[in-house]
């Protein structure tokens with residue numbers, strides 16, 4: 001096992017910090033929503049009293065800080081290291097909910113947290129070193145190589161087919177349509193975000209990168225991709241249970257991001273087959289922990305609730321909405 005580079009260490013610290021802030025923000029905002037709901041209409045009923053609640057704004061500020069840390073992490077470490085660590089936010093959210101909101105964490109939920117930690121540690125210890133990039137033009141060269149251009153073309157074609165053919169026909173009944181659009185576009189978003197983050201990092205070091213048109217093209221790509229993702233993720237959340245969307249979206253988004261990073265930045269070019277296999281095992285371990293956490297998230301609340309939740313989740317299809325997959329009591333992740 002190679003020693004971690006200083007850039008990878010910085011990236012890990014920023015990514016873990018991001019997970020702490022983002023995971024905490026959901027709990028802080030929910031506490032604010034609960035306090036606002038006591039004195040007025042709840043947010044789920046169309047109320048906006050939470051806008052006057054300091055706890056909710058504290059949660060929003062915490063989330064923004066987390067997103068900034070996550071953005072900065074891409075400037076130092078490869079996406080194959082940063083993106084999977086996003087699962088740690090689920091752990092912090094679950095643990096804080098257990099102690100602050102008294103949403104009991106089931107034994108299998110604790111096991112899910114342990115699996116996420118083990119998988120994340122495995123990836124951190126075996127992650128590839130970040131390339132030495134001295135200009136945004138170097139990132140542009142990587143983005144315009146035949147391999148990544150082919151990947152981008154395939155992604156755009158598939159997304160257009162999903163948007164114009166499958167979404168009108170199957171969008172409201174097959175979750176995979178919305179999640180597929182978000183995940184595919186998300187992989188391009190992360191590559192562009194990484195390019196912009198590198199440009200900002202180099203600019204702060206004294207080498208202005210925004211005098212090149214390449215940096216502005218990456219910013220435009222980030223903006224367009226984010227708008228598309230937010231739009232179709234909102235549609236997915238409006239039609240399907242969050243408990244089903246969250247793990248499936250995480251799996252697909254992370255998988256496509258790793259593939260895109262592998263093609264564009266050639267993250268695995270300097271690694272042995274054993275190192276790559278170990279990283280994949282770590283990724284699968286995180287996925288297992290994520291699914292276990294979401295599958296058992298309501299099992300610890302009470303015996304009666306556990307019985308009804310288990311029955312409901314067993315009958316909820318993963319890819320098809322039969323009309324009962326939405327839950328009026330499910331919590332939905334905020335979109336920044």
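In case you wondered, yes, glycine gets a Cβ from its N, Cα and C as well.
Keep in mind that TrEMBL annotations are predicted by a computer and have not been checked by a curator.
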Per TrEMBL, the range holding transmembrane segment, considering 12-28, 29-45: 12-28
Contacting positions for the transmembrane segment (82-101) when only residues 6+ beyond its ends and CB under 8 Å are counted: 11-12, 15-16, 18-20, 22-24, 26-27, 30-31, 34, 66, 70, 73-74, 109, 112-113, 116-117, 119-120, 123-124, 190, 250, 253-254, 257-258, 261, 282-283, 286, 289-290, 293-294, 297, 300
Long-range Cβ neighbours of the transmembrane segment (55-76) (under 8 Å; 6 or more residues past either end): 7-8, 10-12, 14-15, 17-22, 24-33, 35-36, 82, 86, 89, 130, 190, 193-194, 197-198, 200-201, 334, 336
Distant-in-sequence neighbours of the transmembrane segment (178-200), which means Cβ under 8 A and at least six residues beyond its ends: 71-72, 74-75, 79, 83, 133, 136, 139-140, 143, 148, 152, 155, 158-159, 162-163, 167, 171, 209-210, 214-215, 218-219, 221-222, 225-226, 228-229, 232-233, 235-236, 239-240, 245, 248-249, 252-253, 255-257, 259-261, 264
For the transmembrane segment (148-166), sequence-distant contacts whose Cβ falls under 8 Å of one of its Cβ atoms, 6 or more beyond its ends: 142, 174, 177, 180-181, 184-185, 187-188, 191, 228, 256, 259-260, 263-264
Non-local residues, at least 6 beyond the ends, that sit with Cβ under 8 Å of the transmembrane segment (108-128): 1, 4, 8, 12, 77-78, 80-81, 84-85, 87-88, 90-91, 94-95, 267-268, 270-271, 275, 278-279, 281-293, 295-297, 299-300
Spatial neighbours of the transmembrane segment (212-232) far in sequence, C-beta under 8 Å, 6+ residues away: 135-137, 139-140, 159, 167, 178, 181-182, 185-186, 188-189, 192-193, 195-196, 199, 335
